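S.K.: What follows is a single structure, and I will ask about it in a moment.
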Amino acid sequence: MARVKQLSAFLILSLLVLFVSADVRVKRQDDDDNQEQNIDELCQDRAADEYFRLSSDGDCRDVVRCDNSGETNIFRLAPIRCPSGLAFDVERQTCDWKTNVKNCKDVEKPRKVLPILKTDEPICPEGKLSCGNGECIEKELFCNDKPDCKDESDENACTVDLDPNRAPDCDPTQCVLPDCFCSADGTRIPGNIEPSQVPQMITITFNGAVNVDNIDLYDDIFNGQRNNPNGCQIRGTFFASHKYTNYSAVQDLHRRGHEISVFSLTHKDDPKYWTSGTYDDWLAEMAGARLIVERFANITDGSIIGIRAPYLRVGGNKQFEMMADQFFVYDASITASLGRVPIWPYTLYFRMPHKCNGNAHNCPSRSHPVWEMVMNELDRRDDPTFDESLPGCHMVDSCSNIQSGEQFGRLLRHNFNRHYNTNRAPLGLHFHASWLKSKKEYREELINFIEEMLGRNDVFFVTMLQVIQWMQNPTELNSLRDFQEWKEKCDVKGQPYCSLPNACPLTTRELPGETLRLFTCMECPDTYPWLLNPTGDGFVAK
């Protein structure tokens, strides 16, 4: 919670940046003279939202941007100053604590040479494209994470929109269920079923460690007494991170029919690590985390098929290449901006049907045999019919305006109606358990909402996998009672695997000085499972 408060303070401070309008030309102090800088030259080919310094001297708080919004259409420099104690990071284009900013001597963010991809007349032979310096190389060499142009420009235009080898636009004649699903704008209902015959699916997901801090919350929400219209208990999806997780509790959640997915092994507190992660990084983090869960939660049915990236920092094509190779079926990390009609999940054989939104904008540009369980942003407004537009929020706890249970209840019902009254795309309610536990009224409001929805005959609380199962075999409401894919884990069988799990006190040389307890019904490993040693069988600390 301390980290959450620190982060909140940082966000508040960032928003307190002092914007000062400037209709006067700003003079730059130069070593040679004090002559006025040529503003037009400064602003040439520079984006309007790019902030840069006029000098590397000073306390690193001051930057400017080019502004030509006035009636005269003449460029002026609009200065901005970070609050005291903060500095401006020109690479990330934001204010941050001064100790975190390492580029105070840089006046602008690094400029990359771009390839020449669009010309009136071809400048390269067929099958080749031009680097920024006019050099022609094979099209396949662009965006392969290895610079092939002398100016390295072939690796500088690799977004979903620019990658020369990007996935093609959706082609419904080639993309057919059950293996492939796409639509031009992402809003089409699978099977072209009438909205009134589509079950409104709601997915409740939790991110983070499963342990004594939140098991009571999960038992309260999923108490075994709340059933969907088909008679099966409501289910959730748990994206479990490794450290501090009680694997006997994970094992019991799985026994009760909930879906277990992975949220990484280390949950490393470095956003760049995830955004720029290599294939091997993602392999060690996600396949390693799955191996740990399978062994220490004794999940042997191959049902761990989904991942969510920490901080929702999607790892681009490398992440999805790893997922395909390791038979992960879906990712649940990409967000879609708040729109009038929500987006249905889709496969990544074809191009994403929405803009790359969210953290770091590192969405996959290539074709991948993976489902994207897109996170539709929630409308956070108290009264959508009256209030002015606000940015959406992807995790419920990131809807910072929610301060009371009453507000939370309104958010749940507004967003339910937004999905239900349009195309009935699945409604995702994504939480960190600590937020729901922070106020008793939040938990009560969520349970009231669940019970209210279960009073209808067309709303189902399901797992991510169950959403995919329905999409692969779209079935109308009147036939759902016999929908076999949802019946497989309808009844909870057996008792907890053990009543008193092993509390294994473990160390690993990867985490020097730490002794961590691993709770599991299985045998204790030799060392604490970690990167490159997920089974805990090696690296015995002496």
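Cβ coordinates are placed from backbone N, Cα and C, and glycine is handled just like the others.
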S.K.: Looking at TrEMBL, which of C143, C170, C175 bridges to C158 via a disulfide?
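M.R.: Out of the candidates C143, C170, C175, the one TrEMBL links to C158 is C143.
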S.K.: Going by the disulfide annotation in TrEMBL, which one of C131, C136 is bonded to C124?
M.R.: C136
S.K.: Counting other Cβ atoms within 10 Å, pick out the least crowded of the disulfide-bonded residues C124, C143, C149.
M.R.: C124
S.K.: Checking the contact step here: among the disulfide-bonded residues C143, C149, C158, which have a Cα within 10 Å of the Cα of C136 (disulfide bond)?
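M.R.: Those near C136 (disulfide bond) - Cα within 10 Å - are C149, in sequence order.
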S.K.: Want to know which disulfide-bonded residues, from C124, C143, C158, are within 10 Å of C149 (disulfide bond) at Cα; which are they?
M.R.: none
S.K.: Treating G and I as helix alongside H, and B as strand alongside E, what does DSSP give for the domain 'Chitin-binding type-2' (40-106) in helix, strand and coil?
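M.R.: Computed counts for the domain 'Chitin-binding type-2' (40-106) are 7 helix, 21 strand, 39 coil.
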S.K.: Considering the disulfide-bonded residues C131, C158, which residue's Cβ sits among the greatest number of other Cβ atoms within 10 Å?
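M.R.: Result for the most crowded candidate: C131.
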S.K.: Rounded to a whole angstrom, what is the C-alpha distance between C124 (disulfide bond) and C143 (disulfide bond)?
M.R.: 18
S.K.: Between C131 (disulfide bond) and C158 (disulfide bond), how many Å separate their Cα atoms?
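M.R.: Cα to Cα, C131 (disulfide bond) and C158 (disulfide bond) are separated by 13 Å.
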